[in-house]
Each structure stands twice: as C-alpha cells, then as structure tokens.
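Visitor: As listed in TrEMBL for this protein:
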type	residues	note
DOMAIN	A:4-337	domain 'UvrD-like helicase ATP-binding'
BINDING	A:Ala25, A:Ser26, A:Ala27, A:Gly28, A:Thr29, A:Gly30, A:Lys31, A:Thr32	ATP binding site
DOMAIN	A:366-635	domain 'UvrD-like helicase C-terminal'
REGION	A:812-907	region 'Disordered'
COMPBIAS	A:820-858	compositional bias 'Low complexity'
COMPBIAS	A:871-885	compositional bias 'Low complexity'
Amino acid sequence: MSAATPPAVVDLRGPLPTGTSVLEASAGTGKTYTIAGLVTRYIAEGHARLGELLVVTFGRAATSELRTRVRERLVTARDALADPATGRGSADPVVALLADGTAAEVAERHARLTEALAGFDAATVATIHQFCQQVLQGLGIVADVDPGTELVTDLADLVAEVCDDLYLLFHCRPGSPPASFTHERARAVARAAVIEDPQAVLAPDDADRDTPADLQWRFARAVREEVERRKRRARVQGFDDLLVRVRDALDHPATGKQARERLRERYRVVLVDEFQDTDPVQWDVFRLAFHDSRDLVLIGDPKQAIYAFRGADVRAYLSAAQAATTRATLDTNWRSDTGLLAGLETVFRGAALGDPAIVVRPVRAGHAGCAVGPTADPAPVRMRVLPRAGLELKGRAQLIQVDAARRAVAADLATQVQALLEEEATIVPRGPGGAPRPLVPRDVAVLVRTKAQADLVRDVLQARGFPTVVTGTSSVFGTDAARDWVLLLEALEQPHRRRRVRRLALTPLIGSSAAELEAGGQEATDELADALRRWEDVLRRRGVAGLFAAVAQERALAARLLSLPDGERLVTDRRHVAEALHAEALESSLGIGGLLAWLRARIDEARGDLDQERSRRLDTDDAAIQVVTVHASKGLEFPVVFLPFAWDAFGGGTWERLPRSYDAVGRRVRYVGGRNGPGYAAACRAEDADSAGEELRLLYVAATRAVSRLVLWWAPSTKTQPSPLHRLLFSPDPSVAMPVNVAVPDNDGDAMSRLQAVAAGPRGGVRVEPVPAAGAGPVAAPPAPAGGVDGTLTAARLGRPVDTDWRRTSYTALTRDTHSAGAASARNRTSSGRTTRTTPPRSPAISRPRTSRPIRCPRWPRSPVAPPSARWCTPSWRRPSSRPTTRSRRCARRPDGRCSGTVGGSTRTRSPRHWCPRCARRWGRWPTGVRSATSRAATCSPNSTSSCRWPAATSWTATCGSGRWPGCWTSTCPPATAWPATPRPFATRSSPGSRCAAT
Amino acid sequence: MNSADEEPDDAMPVEPGPLELWAVGDRVLRSRLRGVGAAEVRELERARGALPPPPLGDRQLAAIGTRVDRLVDVSAPLRTGPAQTLAVDAALAGGLRVLGAVGGVHGDVLLTVTYSRVRPKQRLRAWVELLALTATRHDRPWRAVVVGRGDDDPDVTVVTLGPVGAEDARAALADLVRLRAHGCCGPLPVPVGTGAGYAEARSRGRDPGSARVAAESAWASSYRRDGEDVDAAHALIWGEAASLTVLEDWTASPGLLGDAHRDEPTDFGRLARTIWQPLLDAERTVVR
C-alpha cells in the first residue's frame, strides 16, 4: 500500500476485523485502548469466548498492563450493559454499540461478558515466548522437544565455551593453518551467529577456500551446530529456541497439519500487540497457525520499530502487512495537543522512515486545548539553531567540532530548561474537573540517544541546580556500589587482613575517612574487623539482606549518605546490589567466596549488560527532570520534551564489523567474513542504510513523546550530515527519499533560511530561533535549591491508609483457630446428631472472611483449609488450598487439579469439576440454567431439575450459607433458604447429596 | 590497594592476556638466567599448560623465546661470576640509617634483567638500590644496569646508572627517605610515570608547559590506553579520572622540598624533579 492511498481508519463501532488485519497505530493513538475494545467486542458479540482469545504482546510488563486494561474494559462494559439505557449514551463507543440492540441481545452480551470475567484467568494474554512455551507443552509429541527441557535466559556462557573449544579445534590440529582470525574476533563471530542472529543466513558462502573469510564463515556455522548439539545434550533451551521449535512444529511436513489444527481449535481470535517489533520467526508462527484460518489482528506502528539491535525486523511487519486482508490505521492522537501535532507534521512532512511503506501520516488530535498553559503556545515545536560563531570549526565546510557543539547545545538546553521552569507554566488536566497545577521538573524530559549524552545533560543540569534523574539501562554492577560490595565481601572473607579492612573502611558503606583511620590507629581497624566477624555470622544466618541491614544500621548508612548531594543515588545502588546478591545467594546457595566470584563476573560484564533487573533503578521520586534514552522512552509521554542531540549521528567508526543485511528474497544475512572478505563493503553499506532508517524512526519516537511542547536543536557539526534530524529537514522531499548523507550548508544564513522555509509549511506550529552565540546573552542565575534540599533530613511520612485486610501469613496462623473450632463442632454434632445453623447467613457482598476464620475443606473430611481472603474470593479463585493436618489425613493438590488423599487408610482421588462462572462455586455438572442465564439471580441459583444436585451425589455436600463454603461470599449467593435446610457437611460416599430446596 | 584476587581458571587457555604472557616470559627468563637450555625451557613451558596447545601456543612461545634470548645475550657480558647479595647500612644525616640488602651484584654492577619493558618503575628501583649501596660502601665504582625489553620487540634497552659519588648518593638518598616518610602520612602527587615524564622533559631543557604535556600523556587515560589515573589507589585518593590539575594543586608542606628547583611553577614539578633529577643526571640509555 503506498502513501498515496491512506488505508482505512479503524472504527471501533464498525464491523469487527476478520481474516488477517494489520492495524497501524501511530504514536499516542490508543493502541491498548483499541485492543481492549476489540477484545470486549469479540467476547460480547459471541465471536469467541475468553479462553478462545489469544492476546500476544512483547515484554512481560506490557503483558500485565494489557491484562489489567482488558479486564478493566470488560468490567466497565459489563457494568454498563446491566443498564442498557444509560449504556447507549456512553462516551465509550464500544459500550454504546454493545448496549444498542434488543433487550435479549443486550442481555446475552451481558451474560457473555459476565462469563468471561468469571473465567478471566483462562484468557491467554502472554508474551510471545510464554505463548510458545505453552504451545510446546500442549503439543506434546507433535513438537520436537524433550520433556523436561529447561529454559535458560542466558546462553552466553555456553556459547563462549563452545567458541573456545572450536577455536582450539580450528587452530590446534596438526597442520592447521596459522591463526587466521583472533580469539577476540572468534568470540564476536560466535556471538553474532548464535546469540544475536540465530536465524540469519551466514555470509559469505562464496569466499575462496581457506581464506580468513571462509574460515570465519565455517567457524560460525560450526559454532551454531555445536551449540545446538550441546543444548540438546544438556536439555536446555533459550528463548529463541521456543519460537523456532514452535515454528518447526507448525511447519513440519508430517505432523505440522496436526499441530496447526490443534492451535486453531484452541484459539478463534488472535490479537498481537507491538507487532512492529516482530521478527520473521514470530511472523512465521502466527502465519502458519492462524493466517487464512482464524481472525488475526496485528497491531503495531512500523514508525516505532526501533529494536533492530535486539533482533526485531520491521521487514517481517511489512511482509505481514502485504499478506493482510485488511489494513487500517488509528487516526486520532489522544496524547498530544493540536498545535504540537501540526508542528510535528510540519517537521516530518509525510516522511518515509527508512522504507517507502513506513510513512508518517497526519493524525487528528483527540483533545482540544493545550495541556501546558496558561496560554497555548502558537508554535509548540521550537527549533533552536546553533551558530558557528565562537566555536571550534573544522574542515572546508567550516563545521563545528562535534564535542564543542555538544557542549554548547547542552549549555543552551540548561538555559531553556531554566527559562521554562521560571515561566510558571501550568499543567491543565485532560479530564473534566481537574484543577490546573504548576509545571514541575518531573513534567520535563530530555531525550537522548546515548548514555554519554545522558551523562552530559545530567552534569549540565545538576551544575545549574536542577534535580535530575537518568533513566536508562546502565547496569548497577558498573557502579561504585558494586565495587564497594566487592570490598565488603573481601573484608568479610578475611577480616584478619588489615589492608582489606582499612580499604573497606574508606567506602561509603562504612564511611570512615583516611584521617579518621589514621587517628584511630590500630584500634579503629580492629574494631571494624570485629564488626566484620560479627557480620559474617549475620551473613551466614540471615543472608545478604540481613548483612546489609546490619551494616546499614550499625553504620547509620541512610542518615550518613542521604545528607550527601548524591545520597539517594548512593543508597539506591548499594541496596540494589545487595538485593541482587541476596537473590543469587538464595538461588545458587552461595557463600562468601561464591558471591565474590559471581559479583566480579557481573562487574566484568557490566558494560554490555542490558538485563532489566540489573539496570540502575531510579534513585528518587522527587520532582526531578528526567533524562531518558529514546529506547527507554517508548510508550511514555511527557508534557514538555527537549531533544537536544537529534543533529548528532550515532555510530560510525572503522572497526571491523559484522554487518547485517538482507538478501534478494528478504532473508536476514549476517556477514561474518571480516573486512577482507568478498562483499564486506556492500554488506556494511546495506547495514548503514538500514540503521539510517532506524535512526529516523528513533527521531519519530522521541518527537512523539511530547504532549504539549517540543524543543529541538540543530547544529552544523562534523557529525550532522548523517544525523536523522538533519536528513529530515534538509532533504528536498522526505516522503520520497532521504539520502544517507545530506550536505550541511556552508554558512549559518543558508541553514537558517532553509529551516525557516521548512517551518513555514502549511500546518505551521514550528518556530526557528538561533541559539545566542557562545558567551553572549546573560547567564541566568541558578535557581535556589528547592525546599527540603537544605541539608536537613527528616523521615518521610506514610500518608496513605494501610490495607489491613491484605496480608501474608503462615498456614499455621490461618488454621490455628480451626482446630479448636473443629473440636467444638464435633462435640456439637455428637450431641444433636446434626449441625444446625444458628447464625443468620452472612450478608454476601460485605462479609469477607477474615483471615483467621475457620472453614472445612469441602473435599476432605476434617481437613482444614485456608479461608479465602477478601482478595482471593474473586471469580478467579479456584480451589481452596489445603494441606495435611496429620499424617494419616492428607489432601494434596496435584498439578492436574485433581485432589488425592488418604482417609482412614484408603486413598481417594477426585477430579476437578465445573465451576460456576459467577461465584466460583464448584458443581458436579453444570446446572442447565447457568449458561443461558440472563438475569443476575439465575446465574448461580440452581433452579431446575436434576442438575441442581449440589454437589454430585458421590461427593460431599457443603454447608452453604453457613459461611463455611468459600463460594458463598460472592454477591450473587442466593438466600440461605434456597439451600438444603440440613446441610450435611461431610457426607460419605454412600450417602446421597441433598437436593436443592429451590426446585 | 587493589585486592581483586584472581579466580583460578580451570579452562584450557585460548588467548592468554598480557599478564599471563608476562608471567610465562618472566619464568622463561629466570630459567634461562639460571642456565637452563632453551630447548628444555620450551618443553617445560609446553608441558605446563599455561599457553594454548600447539601450534597456537607455539607461536606465542617462540615470540617469548626470541625476546628472552636477546635479553640473555645482551646481559651475558655483565653477568660475570655468580650474583652476590650485599648488605646495606647507609648512615645519613640526622642519625637516619638505611638498612637492608641488595641482590644481583656482579662485580661492580648491580644488575637487573627483567622481561618487562624498561619503565620508570624499574629505573627508580635500581636507582634506590644503587644509592644505598654507594652510600654504604664507596670503595668501588658501583653501577646499576637495567636490562629489559625495548619499546619495539625484540629491541633490548640497557639503562646504566652511576657511578655516583658517595656524598651525592647520601644527599639523594636522604631526599628520598624524607619524601618517603612524608608519603607514609599523606599522599604525594608523584605517580611514577607522570613524575618521570615531567622531570625528563624538563631536564631535556623543555619549558614547564611542554613538560606538563609529557606528564599528562602518562597520567590521563585516553580511549586507546589507560593512564596512571585509572590505578585504583590513585582513583581513590585523587578521584575518578582526576585531571593533572588536581596533582598540580597540591602544595608541599614547608621544608619538604628544600630549596632546590625553585624555577618550577608548581610543587608537583618541584617534587618530580627532586626525585628524578639526580637519577636523570646519572643515567645513560642504550637501545640494542
């Protein structure tokens, strides 16, 4: 589809997408909202039950957010449909649509939603890897997986081992050629071939025999094969293997058909979020399983495809879009102001971001008005142009030396931030009824491309006295905190070595100064050594967490460090490392020596570590300006965004590369032949072109984070030519072509007039302004430090109420009362022969059980179970957990949901039964009224014939209404009179179940 | 300061790092100086398993062997007779005595043969030993000779120090002893390479500005190589990636540096020259 014919617009009220559809959602157009709306409609209109829906997204955090959003939406819709008249007037198009219809239709939709919510746990909202793992387990022998294969997150160690072994093998055979490539190169090749691009075709396959290029190619293939072999032998698999194995299972000539059918049986509708981050294997999985046979909705924004470095491949998205039966876009931006959107349109000019099919299309603003007030800025996008005057220039074109330009822009950025914060702007909330609040530093984000830029910005802003936090993925193990922990562990290991103890004393953990150590002499060191011996004991008994607590308390860590200017950072990092160490110590049962080795290894690899768990946490939630890398900013929004370095190109350099490219049929190719191999230069050029496209998309992502204002900088520096902003602004027509390098005008006047011409585009909204020449212009006085930063510390106050209903407790604590209560009720039974209820039934909705309330296991005589807490008693609550009380009476839950146990020496097993969708009550069979129930009362009131035997005859009967049966605490519990007047709590197998009195 | 203990490695070496290679070279050199034959040393090293298996490791072993052969050849004329260890007891002004022993004395020559490249550290060590020996017994024209690898393999650098007069030796030794005493109480801003770089440039007649450039090249790290500023102890005392200015801002306590080198603009410069100037005056370097 070309840019000339914009695709249709997604209408949540229109017909539901069928077949394979690709929905292109530009930034801020409410992708998650759309998915939740579609899910609601698919369910309410009866296209699929919740269990037949598959919603896939990328990343675990996104999954849980999506799950929450979908559930909220279902709840809203269900509640609104309870009253169709009001529902029809709802602002939510989905609700309005669903509420529109005959009473019976609406009631049926309502019932479907109710049922879906009751079984919400059955919904498959998963990451692609979770989904594939489930599929592999479900496919059994149809998939080629050894049962018991373990999933490992990191194969780097295995690959390094294989690489070393094969390197020796390649070079140490008698008569083998001299080392044609270094070991370092071998490691890089192995990483590229196995970890970074396991699916890519390796190139060059046409190098002359035994040339270095040929040897490296053979080496890469050998490493791949050997890693695969060793993975199978060790019964491990990586995340990529999950996908590949599912793909292979679906594609298998003999069993593939069966595998595909099983998946199709299971899922009727499939929605995939963030589809631009897909890769060919993922698309193969969806294509083979669902394309052409199920409703497959692919939602993504190719303009935001920025994860090529992680293996994502926007071409897979484009080929899916080619294959789709329908394509549509989301055209309303709910994030940004009208003016800002106009400004973005002026800047982007319908640009094609790296591929003719990836086009910036105009979007409508969903909100009128302006989020940052008090008055709307007529030009919310400002372009600041750095003049050459006063800066170091280079070359014939007189370009600014790049470091000088960076510093100048950073200085101007600080000035602009200061001006903004002194402007006393206000934030006007979008929703109705919110009062404007002043703009605070937290509303301001500076988006950067690299960590070095982030550090530069942070330094400049902090020098001006603005609180600043850097969000990013730099590993905590690269910080001083990790080194401090090494010193602490070393000292703990050998507290008799004075050198170690004294070195430790100088760290912030202990906080002595050299002068204090000197003045304290031998005694000070001995004292610390004694403390270390004590702490070692703490470490052994309580783990690293206990050790850290002890050190923090004895050395007053928080009070000492927080009084320092960067104190929060210091404390956060040290605690973070402590937690990581603790987790590792628990998981691998490590002592001091093991922990030290582990920690040193993490420190060594800190530079390339992108693990979320290990990336430094935010040190403060105080009002601070956020400095965020563009990659980390995806999905976020900020009222005001500064984009200081969009003129600065990333990458470059002449190191020996392992370029990625694509062959004629679109397969990914990884070139491992080295710089003298055939086709190296072409592969590098192809990669450069691809990453130039990706840089443009990064610019798009960065610019669209802004809600209300965006400030960009342009500078004529030595690195401006290949930079995304420069290419965008100085290409004649970016919707047609943007060369990889665009010449920078020789003088400031030409550049200025060119930028003015761009800003004068039809939509307007952009203002071009020169940065005052270096040294000119008044330097504003730094702001006074905000309140509370005057050096005095006070403890934070807990201002929110504490939910005392929700707690973690031990099983023993839960059942302590049961034993006494059980004894009492046993006495009761003995005396009267039957248990009569003397208390009125508990008021259903409110009477949540307190955690200590005793109830009996409905499955096993006299086996106490934990009562569900208020939060467990939701429709998702399934089975009471149960545990043995004595050796002879066991009630163990097995993984298949069956329950087996011993009563009086004979083993019994019970299978899981059906559960009432409304109140989570268990039934031997479905009451006929439940499925088609249209009224609230009918849902779980067993109102018809044989099916209301409750529960099945051979099972126990329950004491509904007595408060003993967990299912009774939902709001729809029928009145107690509807239930057997003489509940027999624990009928034996031979006794018939009671008939429901309601019949 | 650095306490990172090496973890024992149980894997077969594939690509030994510079430290491991140095350890092999040092071991080979010691063996050769003890008189073990080249072929035998090669077999021993192969059997030890510190290098990758042949032929990968053989190339590295051959390179090491060539360097060691050159060091052994160049130092052969100096290694006359067995090495002696001589006691040192130098009486200095103010009742101070320097006690100890110096080893590796062949005739008049205090010989150091090292597999390292000859750096300021090795020169300064030899210099101190020479001073102590001369101050104790000035009956012979003592010289210190350092034989080590040159900047380009397989060059060999031979640094000869001395002979120095007994009084000069005592004076220079007294200066060093005084500075050491001070250094035990507080940091002295004179990292070995940085101080040597500065003092050498100055003693070659360069002005303080260009001497500072020489010092900075030894001190500051670039993306290519680490300078002395990344040394853990230096980073701890002077700060992470501290600039040379931090060292230059140091002020000497009164009397520490005496009256010498008043022409230096900074106390850092005076300190460096106090330490290095006598050595540089007595030094001759030959690259062979």
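Glycine residues also receive a Cβ, built from the backbone N, Cα and C atoms like all the rest.
Remember, TrEMBL labels are computer predictions, not curated facts.
Describe the structural context of these features.
Guide: In the predicted structure, the domain 'UvrD-like helicase ATP-binding' (A:4-337) carries a mean pLDDT of 88.
Cβ neighbour count for A:Gly30 (ATP binding site): 18 (other Cβ atoms within 10 Å of its Cβ, all protein chains included).
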Visitor: Let's check the environment of A:Thr29 (ATP binding site): how many other CB atoms sit within 10 Å of its CB?
Guide: 23
Visitor: On a count of neighbouring CB atoms within 10 A, which of the binding-site residues A:Ala25, A:Ala27 is highest?
Guide: A:Ala25
Visitor: As a test of the contact definition, list every same-chain residue at least 6 positions from A:Gly28 (ATP binding site) whose Cβ is closer than 8 Å to its Cβ.
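Guide: Sequence-distant Cβ neighbours: A:Asn333, A:Trp334, A:Arg335, A:Ser336, A:Val363, A:Glu637, A:Thr704.
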Visitor: Rank the binding-site residues A:Ser26, A:Thr32 by how many other Cβ atoms lie within 10 Å of each Cβ and give me the one with the fewest.
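Guide: Per-residue Cβ counts within 10 Å for the binding-site residues A:Ser26, A:Thr32 bottom out at A:Thr32.
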Visitor: Can you name every residue in this chain, apart from A:Ala25, A:Ser26, A:Ala27, A:Gly28, A:Thr29, A:Gly30, A:Lys31, A:Thr32, with its Cβ inside 8 Å of the center of the Cβ atoms of the recorded ATP site?
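Guide: These residues sit around the ATP site: A:Thr34, A:Asp301, A:Leu330, A:Asn333, A:Trp334, A:Arg335.
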Visitor: I'd like the Cβ neighbour count for A:Lys31 (ATP binding site), meaning other Cβ atoms within 10 Å of its Cβ, all protein chains included.
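Guide: A count of 23.
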